[in-house]
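Annotated features, as they stand in TrEMBL:
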TRANSMEM  A:32-52  transmembrane segment
TRANSMEM  A:58-77  transmembrane segment
TRANSMEM  A:98-124  transmembrane segment
TRANSMEM  A:144-162  transmembrane segment
TRANSMEM  A:214-235  transmembrane segment
TRANSMEM  A:256-278  transmembrane segment
TRANSMEM  A:298-324  transmembrane segment
TRANSMEM  A:336-361  transmembrane segment
TRANSMEM  A:420-438  transmembrane segment
TRANSMEM  A:469-494  transmembrane segment
TRANSMEM  A:506-531  transmembrane segment
TRANSMEM  A:543-562  transmembrane segment
Amino acid sequence: MLHMWEMPEPRQLAERNNTIPVILQAMARPMLAGLACGLAGLYAAFVGILVLMHGRVIIVDVLTLGQCVLLLLGLAAGAKSRTATATRAILPDLARGAVAGSVYGAALACGLALFQIAFLRTVLVSLSPELRRMLSFGLESGPAMVTLVVAGGALGVAGSLWSRLGGEQRRATLTAATAVIVAGTLQQLLQTVLQRFSFTKAIGDLLFSWAGLKWQGALLVGAVAAVVGSLWPIAKREFGARQPTLHALLSDNRSAFQLALLLLGLSVLPALAGPYIGQVLLMVALYTLMGMGLNIEVGLAGLLDLGFVAFFAVGAYATALLTADSSVALSAYTSIPALSFWLAVPIAVALSVIVGVLFGLPVLGVRGDYLAVATLGLGEIVRVIVLSDFAAPILNGAQGILQVPRPFVGSVELSSPVSLFYLTLVCSMFAAFVAWRLQASRLGRAWMALRDDEEVAQALGVNLVKAKLLAYGLGAAFAGLAGAIFATMLTSVYPNSFNLLLSINVLALIVIGGIGSIEGVIVGAILLVGLPELLREFGEYRFLFYGAALIAIMIMRPRGLWSTSRPSGAMPGGLR
Amino acid sequence: MSLLEVVDVDVLYGNVRAIQGVSLCVEAGQIVTLIGANGAGKSTTLNAISGVLPISRGAIRFKGQLISGLASHGIVRLGISQVPEGRRIFGKLTVSENISLGSFVRNDWHEIQQDRERVLELFPRLRERLRQTAGTLSGGEQQMLAMARALVARPALILLDEPSMGLAPMLVEQVFEIIKEINRQGVTILLVEQNAFAALEIADQAYVLASGAISLTGSGAELLRHEQVISAYLGEG
């Protein structure tokens, strides 16, 4: 839409022969850029997220996350003030930057002015004294508004100067800024890791004080990131020249090495970072395991399943009923002895597979969107049955089943999140291996054919019933395994844990990661399960981030973050 | 005994009778064509033979065995492959995977490899594009792929549905050359075509289908000279 406001051609300018409209036209783009950034800032302020971010210190006594956002918006206004067709002369550039920045500052100043209207506070609860303090630098309203406009202008100039830099310098500064912000935001995580070992403690003390980065630390982090960021391509080129064979090997198997690095990181991190991170990663691994299962159904066989949570519930309840040390467990009123976790898991998985196949039977002939709705219903049925009076004598209704024991290895109880994480990691790696082998197999090809064109697949000899039921069964197996771990992790199961949102989360993570991609499942789980946990202090707002991130990813990477090399969009070949 | 016998077959779409009392014979080694206007029931007949559509009356025999009523994967196993209308290749899979899916019902690995080689010799363009996703192929290449996919099932009979559809005239000629070549290698062909002239030229036996029923039959050469056929399908000729 902005192109309507681009700088007019010089010839057009001459024709108009009237300076004021010409200047206005030339400044339309910067003003729009400033206004857009200003509105973004005001939105963040009125939603309340800005104050919240203001509470997170990035650099002690210098900068908070909230201020970071305001600064970056100002810089962005300046950087975006020039159209692609405009001249690159420095003075017009600076003028445009200044205008964009001032408009941005003015927008914030307008926000500040709203504080004068007393009754607004009752409507916009976020117009808090903290927000006022933050926007006004502790000044009176008048001077504060002037300061905002002037500071905005300065930021805009800085932004436009930045946009004049060469590509490498821009990348280096961007890397440095990102590194500082990430280090500051995740300072708790980094500090706990660094404080655990004596040799890293010194680094930690150098970079961080208890509240955030020290300014020296920020400089150091930024500098290191910039240097590494700008040396990386050079180092890669050097390496390619000196070790051509090794370099070729690495770049040919790039995704395999990236995956290996990712796994290595995942397996070492919790041991270093302690129980909290262990718990977060346990959830990531659990969702990865479920994602692997759903990916077989959705990614390979193209069966859009929104009732996936049912299999997870079956695995969890089966484990709980077989192992629990309580009056509702099977051992309490039948002759079945209370089993250990390891004996219960195969039974739980087998039961999940059976439920998966039973689940698939009624929807064999249902396709696409209709399948999604049908499976949604089936998933709800399972939850309602668990809650019902009918099943209450066995499943204990809403009270759930308590005192599910933890697994033992020898005499060691796997009770800590970190040890459960490793158990889950092994399971999800196994699931990933199975999925990987299946992809290249005859069955995998049959699934993909089914996904692309059911009728032709059938005409080529694919047994539709068998292939579909196998997909449901295998997907359910992984979900059941995840459910078993879930039950022992919480040491209890409640019907409320198994709602629709879980199915949707698992589906979202495989879409974000890239449908059909095994690595994508891991990346999606980290992003959708891990990050929200780390951002927990932002409370409900993290779902705002979550939603915004989902939309942004789907716009920028419609095939997912780590998509397979296959195109997944509509192809011209699909003549139907 | 004919290779394929279709005897008095009806197919219903709901309450609508798509074909009615269709009977035809395909002798081993022949090229038999089924021509007719849009909506005459040509594709329906092929889909009934391959088991994709159920028949409501009549019988279909292949090598003397009753196949009407079998599931389509069972029919493929007996040696009938279909190249569906509009190619219907798997656009998101690679050319290589598409070909592999053609031999899905076979498990004689070594012979599959041989057949694969033979098919790639027939379609050298496909060999250059084995790793490419099939959706990126041109229309002509997609038609070749669809035929290659059918051939690796090592069928006794291939059902070809409108192979010339949407192709440039030069490619159409090439496709018909390939059909003749496949036939020379011993595969019987049942060809459904709108391009009646090209189809009749290569056909040993031909049937004309009009509103769901067979209206004319004869050798390809006979029908090429037949007044009714000329006026209805071949224009001024």
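Along the chain as shown, the residues are counted starting at 1.
Here the Cβ of each residue, glycine as well, is placed from N, Cα and C on the backbone.
Any TrEMBL annotation is an automated prediction that lacks curation.
Take the transmembrane segment (A:256-278) and the stretches A:58-77, A:469-494, A:506-531: counting Cβ pairs under 8 Å, A:506-531 has the most. Outside the transmembrane segment (A:469-494), and at least 6 residues removed from its termini, the chain residues within Cβ reach (under 8 Å) are 282, 286, 289-290, 292-294, 296-297, 300-301, 303, 305, 308-309, 311-320, 323, 341, 344-345, 348-349, 351-353, 355-357, 359-361, 364, 398-407, 417, 420, 423-424, 427, 431, 434, 438, 443, 447. Sequence-distant contacts of the transmembrane segment (A:214-235) (same chain, at least 6 residues past either end, Cβ-Cβ under 8 Å): 58-63, 168, 171-173, 175-180, 183-184, 206-208. In terms of C-beta pairs under 8 Å, the stretch of A:32-52, A:58-77, A:298-324, A:336-361, A:420-438 lying closest in packing to the transmembrane segment (A:98-124) is A:32-52. Using a cut-off of 8 Å between Cβ atoms, the transmembrane segment (A:420-438) and the transmembrane segment (A:336-361) share fewer than three residue pairs, counting only pairs 6 or more apart in sequence.
Under 8 Å from some Cβ of the transmembrane segment (A:298-324) lie the Cβ atoms of residues 290, 330-331, 336, 338-341, 343-345, 347-349, 351-352, 355-356, 359, 368-369, 371-373, 375-383, 386, 394-395, 401-405, 435, 438-439, 444, 447-448, 450-452, 467-468, 471-472, 475-476, 479-484, 486-488, 492-493, 495, 497-500, 502-504, 506-507, 510, 515-517, all in the same chain and six or more residues away from its ends. Within the chain carrying the transmembrane segment (A:543-562), a Cβ under 8 angstroms from the stretch's Cβ atoms is held by residues 47, 49, 255, 508, 510-515, 517, 519-520, 523-524, 527-528, 532, 535, 568-569, all 6 or more beyond its ends. Sequence-distant contacts of the transmembrane segment (A:32-52), counting only residues of its own chain at least 6 positions beyond either end whose CB sits under 8 Å from a CB of the stretch, comprise 2, 5, 66, 69-70, 73-74, 76-78, 80-81, 99-108, 110-111, 124-128, 130-131, 134-135, 152, 156, 538-539, 541, 544. At the 8 Å Cβ threshold, with sequence separation of at least 6, the transmembrane segment (A:144-162) comes into contact with the transmembrane segment (A:58-77) through 3 or more pairs. Same-chain residues lying 6 or more positions outside the transmembrane segment (A:506-531) and placing a CB less than 8 Å from one of its CB atoms are 255, 258-259, 262-263, 266, 280-281, 283-285, 287-288, 290-292, 294-295, 298-300, 305-306, 308-309, 432, 435-436, 439, 546, 549-550, 553-554, 559-564, 566, 568.
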